[in-house]
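The structure appears right after this line, and notes come after that.
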Number of protein chains: 2
Amino acid sequence: MARHFSLSGFPEWLPEQRLVEQHVLTTLQRTFELHGFSGIETRAVEPVSQLLSKGETSKEIYLLSRLQAEAGGDDAELGLHFDLTVPLARYVVENAGRLLFPFKRYQIQKVWRGERPQDGRFREFVQADVDVVGQDTLSQHHDMELPLVMVDALGRLPIPRVVVRASNRKVAQGLYEAVGIADVDGALRAIDKLDKIGEKAVAEMLIAGGATEQQAEQALALARIQGSDGSIADRVLALGARSDLLDEGLHELVALIEGANALMPGAITADLKIARGLDYYTGTVYESTMIGHEDLGSVCSGGRYDSLATDGKKTYPGVGLSIGVSRVLARVLGAPLVEVSRSVPTAVLVAVLDEDHRAQSDRIAMSLRDRGIPTEVSPSAAKFGKQIRYADRRGIPYVWFPGDPDSVKDIRSGDQTDADAGEWMPPADDLHPTVRTVS
Amino acid sequence: MARHFSLSGFPEWLPEQRLVEQHVLTTLQRTFELHGFSGIETRAVEPVSQLLSKGETSKEIYLLSRLQAEAGGDDAELGLHFDLTVPLARYVVENAGRLLFPFKRYQIQKVWRGERPQDGRFREFVQADVDVVGQDTLSQHHDMELPLVMVDALGRLPIPRVVVRASNRKVAQGLYEAVGIADVDGALRAIDKLDKIGEKAVAEMLIAGGATEQQAEQALALARIQGSDGSIADRVLALGARSDLLDEGLHELVALIEGANALMPGAITADLKIARGLDYYTGTVYESTMIGHEDLGSVCSGGRYDSLATDGKKTYPGVGLSIGVSRVLARVLGAPLVEVSRSVPTAVLVAVLDEDHRAQSDRIAMSLRDRGIPTEVSPSAAKFGKQIRYADRRGIPYVWFPGDPDSVKDIRSGDQTDADAGEWMPPADDLHPTVRTVS
C-alpha cells in the first residue's frame, strides 16, 4: 500500500488506508478517555511571536498571509502550529479561570512544519498528545501516569510493541554541573545526537563546546546507563559526581521506573542518553521506539515542563507525551503491517430489480440502517451478476435481494437465505470493517 | 456558554463544549458510514493555482510561506483549502485508478478563509461533506440520495429540525434563456441575494445587468415558487416560457422532490429562488435552514457539478452537500440549546488513602478500565471530602474507596455499596457523558 504523495511531505491516504488511520485515532481517543482525559482542539494558527518563543523547531514554521490583505491592515502575523504543546500552554493560560486543575487533556490534530521540500520529511502530520497541567504545582506521580497512558494506548494499536524509555534532565544537568561542564544545554544537544552520530563524534562536539576529555567521557558514561530498576541510581552514583539536583533527578527517575514496572512490567526502561532537543523540558523526558522499527526513531516522546506556561502570576507546570501518528501510520501502511477486512463501511448492498422499483430497495436500506447496519443501495439496476460484482470489488459481504420474501446472500460463501429487513442482523464481525495485523 | 475567542474568527471550545462537538462529529461520521460513505481526509493545502481556478471564495485564501524559505527555492505556492469540494476534485482525478466508481465519500475537516478580521466571520471552521462522484456518468437518483443522507444525519443531532430546500440551475437557466435574459450567471447571482436585499433591489440589479422590466419580473416570479410536489412544475410552466433545458431541469427537480418526500415526508422542499453563489454547480442545488434559526443562513448546502473534476480524458460528475458544523455548533453552544451530563469523560474517581497506597488505587483503576469504564485516580491523597469535591466539580458520578471490601459511592444520591472492581458496572447512561437538548 506504499505510495508516493502528489505534494512532497503532505501524506494522503486511500479510503481503505484511511480506515486504518480512523481505527488508530479512535483507539487512541477511547483509551485517553478511559483514563479520564478531556479532548480539546486548538485553532491551527498561533501568533508568530508565540511560535518563535519556544524551542528549536521555530525555524520550520509556515507563515500565513491573506491573499487580499490590505497594506497596513490590522492582521496579527500568524503561523501554523508545529506541535500541540505550545498551543496547550497558550490555551491553559487563556482559559485558566474556566478550567479545573490538574487539567488532563488529550489533543489529536494535524501540525505543520515548513521543512525544505527536498528533505523528504512530513510537512503536515497528525500528532496525538496527552498532558496533565497543574496550577502552580503538579505532583510527581503524574510523571509515571502519563507514559503509562501511552503504553496502554499504543498496546491497543495494531502495531509492533513500543517500549518507552525515560530519563531526567536533572540527572544529566546535575552531573554535568558537578563535573564542571559549563555549557549544559550544549552538552544536552550533543548527547541528543548520540544515536545518529555515535560516541566519537559526540565526544568531539562536547570537547569543541569547552569540555575536557575527562568531562566528555563522564557525560558519555552517564549516557550509557540503562536499566529497569533502582540499580541505575547506583551506577550513576558510581560515576563519582554528586549534587542536590542529581540526587533529586535520580530519586524522580527511580520512582518512575520502579512504580511503572510494578504496575505494568516491562513498560518503561530508564535510558540516560535521552536528552530531547526541545529546551522547555525541566525534569523527566521520554522517548519510545517500536520494536523492529528502530530506524523510525522515536514514535512517542515528551517530558515534564515546569515553566512552559505562565501568565506572570501563576505558572502551569505540566507533563505529557506526543505520538507521531503519521510517522507510525506511514510505516504500518507502507510495509504493510495490517490489513482491513473491506474497503468501505458498507455491510449490505441492496440490489435494485429495475429503476421503477428503486424506492422499494431504498426502504429496505432505511430499515437496515435503522438497526445500525451500514447499507448501500446498488447505484444501477444492472443484471444481478453485475450488482454482486459491485459488492465484491469493495469487499461488501452481503447482497440483499428484494422479493416475497426478501433474501440475503453472503457473497463469500454463496449462502442465500430468506430474510426480513426488520429483523436480520449480520454476525458482529461483519458489521464494520475490521483491522488486523498481518502475520 | 457563549464566549469571545482570543483570535477573532478562530473558534476554540472549552472541554465540555468540545464534548458536544465530538458528539456532533461522531454522529455525523456514523450516519455517513451507515449510508456506505467512505471517510477520507485531504491535506490542508493546495497549490494556489488550483484554489484560484474555482469559484468566488478565491479572494479569501490564506497563502503559506516558509519562514526559512530560500530565495528562488523550488517551493510550489501553497494556500489553505477554503472548502472540501475543490480538494475532492483534485483527489479524485489524482487517484482515479485506485478508486471504485461511483465513489461515495464523506470528509470532516477544518477549512480556512482569509476573511477581513473586522468582518466577524469564522476564518477557521469545520465542514462535514458528503459527495458521490461518478466516472463520466452519474445517475440522477443520487441527487435524491445525498440530501436524504444529510436529513438523516442532521435529524440525529441535538439541534432544531433542518429543512432542505432544493432547486435546479437548469430551470432558472432554461427560463432566463427562454425569456431572453442574456447574462444568466449575473441573473443567478442577483437572485441569490433575494433573502438579503429583497425583491426590489434584486429587480434593480437585474435591470442594471441588461434585463427588461418584464424579464426581471419573470425571474422574480420563478423565484417565488415553492412546494413539495409536482404542482411546482405546473406553476413554472404557467409562467409561459419553455425550453428543453427548462423541461429537463423541471423533470429532475420534480423527481427529486416527489421521490424524497415519498421516502421521508417533509424532508425536502422545492424553492426556486435558490441559486448558490459558486459557479461550478450545473443542476440540482441545495440549501437548508434550521427552524427558528433562519438568521444563521444556510447550514447545509451543495449541489450537482457535472464538470468540476476532469483529467482531460475523463470527467468526474458529482453531487454533494456540506454542513457548516462550526456555524451550527456556535449557535448550539451559544444559546445554549444543549447540555452535557458532565465535563470530563471520567465515570469513576478512585480515591487514594495516602500516597503510600497510590498503587492500590492505580490497580483498581486499571481493572475498571479493562472493562471499559473511564476511570481516574485522585491526583491527591487529601481528605476524602476533598477528593469527593474533585469528582463533584467535574460531574464525575462515582467515587471508589479502596478497602476490604472496596466500596463505590454515587455522589449524586449519596448511596454507597460494597463493590468489586472486577465486576461492578455503572448504569449504561453513566458510562459516558451524554448530550441532551435543553427544553
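We number each residue from 1, going along the chain as drawn.
Glycine too: its Cβ is placed from the backbone N, Cα and C atoms.
Because TrEMBL annotations are produced automatically, they should be read as predictions rather than curated entries.
For the domain 'Aminoacyl-transfer RNA synthetases class-II family profile' (A:20-345), the model's average pLDDT works out to 93. For A:20-345, the entry in TrEMBL reads domain 'Aminoacyl-transfer RNA synthetases class-II family profile'.
For the recorded site, A:Arg276 (L-histidine binding site), the DSSP three-state label reads coil. Taken from TrEMBL, the feature L-histidine binding site covers A:Asp83, A:Leu84, A:Thr85, A:Arg113, A:Gln127, A:Asp131, A:Arg276, A:Tyr280, A:Tyr281.
The region 'Disordered' annotation in TrEMBL covers A:407-439.
According to DSSP, A:Gln127 (L-histidine binding site) sits within a strand segment.
Of all the binding-site residues listed here (A:Thr85, A:Gln127), it is A:Gln127 whose C-beta has the fewest other C-beta atoms within 10 angstroms. Under DSSP, the residues of the region 'Disordered' (A:407-439) split into helix, strand and coil as follows: 4 helix, 10 strand, 19 coil. Most Cβ neighbours within 10 Å among the binding-site residues A:Asp83, A:Arg276, A:Tyr281: this distinction goes to A:Tyr281.
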